[in-house]
Amino acid sequence: MDQSNRYARLDLKEADLIAGGRHVLCAYIMKPKAGYGYLETAAHFAAESSTGTNVEVSTTDDFTRGVDALVYEIDPEKEIMKIAYPVELFDRNIIDGGAMLCSFLTLTIGNNQGMGDVEYAKMHDFYVPPCYLRLFDGPSMNIADMWRVLGRPVVDGGMVVGTIIKPKLGLRPKPFADACYEFWLGGDFIKNDEPQGNQTFAPLKETIRLVADAMKRAQDETGEAKLFSANITADDHYEMVARGEYILETFGENADHVAFLVDGYVTGPAAITTARRSFPRQFLHYHRAGHGAVTSPQSMRGYTAFVLSKMSRLQGASGIHTGTMGYGKMEGDASDKIMAYMLNDEAAQGPFYHQDWLGMKATTPIISGGMNALRLPGFFDNLGHSNVIQTSGGGAFGHLDGATAGAKSLRQSCDAWKAGVDLVTYAKSHRELARAFESFPNDADKLYPGWRVALGVN
């Protein structure tokens, strides 16, 4: 059934919809299956995303028609489809009237993903009007709070030197805590890897107790504050809260040095909101493990990594992993820096829409996945600043002289970039950085030809 006479209004102007402030706008790349017209399929997509189905129903009235989602722009050649969703369509909390991301996803990436006339459809951007934006929690903490704990300026405080304890599984509590201590002697921040939790060989309570002690010892030895991101991911709300409360109690006077990691993609919006609302004084570390199943450019359905990042700021993530923008081992390229800008800036331009965040706190980009001291300068050149949390697992623990030296090499690399000094030149007077060249020779040969002669390495 062709529903374009009801669910398509190609005379609507995007600027007018934005000025009206009553619609969430979504841009998709959509292709109909063979034999289906583009506008007809787009209208069916909008109907399934809002008030319609595949037939007319007798219960529809004038009010219902007034909240139809509307296709307002199509470009069949480029496969671009844009839909305007009235804000009234989205579910609200009964406890406080707040918005919920699960409702946003149910409508914009719901039944429409399985429609028989759609070959593929993937959301590439969305715009949130002020009246709806203000209903989301947004972040309560971000990198500025980490800088405060670390004793740095809360504006432009620079890279937080971090790591992921490796191997990701198989370490018992004491070796895990020992690895934390070793890294903290040179670095700032350690995160649980996403599968680490309460395995039988590494009970959470025992591990956390030893990690808290390792933090105290590292702080005493270095005279510097240290940070730890503890995984509280669980299926059950009460389990997440129980883990969080135990961790804070165990860290005691260092509770404000603790972030909570949640696997936000696999657990969904409910888990992020549980952490955001139960622990508003903790940095909420959004890990996105599994997201590539829908966000990868190889996947033609779902939504992009940019969309995931933008949603995370609405939900209240203090920080989210954004990949390595083509400079590490993860899928991505230099253009992914727009994710960092959308997370971090007061207003930013996405692939299709300009978003003003209206004073909502920033979400911090977290950089991880195959990074080491040699790759950082290129990454910072592309991004334009170093105000990120950078977590190198192999880049720290793969250093020939151990994790302490690995952490120092990462910091020295950032210092060299900020000073505008060539990395090979800087390495001549910084041993840990010089040894990073020997630790990662394949990267060194590719990125810094001639380094062996310059550093006297055979």
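Cβ coordinates are placed from backbone N, Cα and C, and glycine is handled just like the others.
Among the candidates ARG134, ARG281, ARG288, the residue that Swiss-Prot names alongside ASN111, LYS168, HIS321, SER368 for the substrate site is ARG288. For the recorded positions LYS166, LYS191, ASP193, GLU194, HIS287, a Cα to Cα distance of within 10 angstroms from HIS321 (substrate binding site) holds for HIS287. Listed in sequence order, the recorded positions near LYS329 (site 'Transition state stabilizer') (C-alpha within 10 Å of its C-alpha) are SER368, out of ASN111, LYS166, LYS191, GLU194, ARG288, SER368.
Annotation: GLU194 are the recorded positions among LYS166, LYS191, ASP193, GLU194 whose CA atoms are within 10 angstroms of the CA of ARG288 (substrate binding site).
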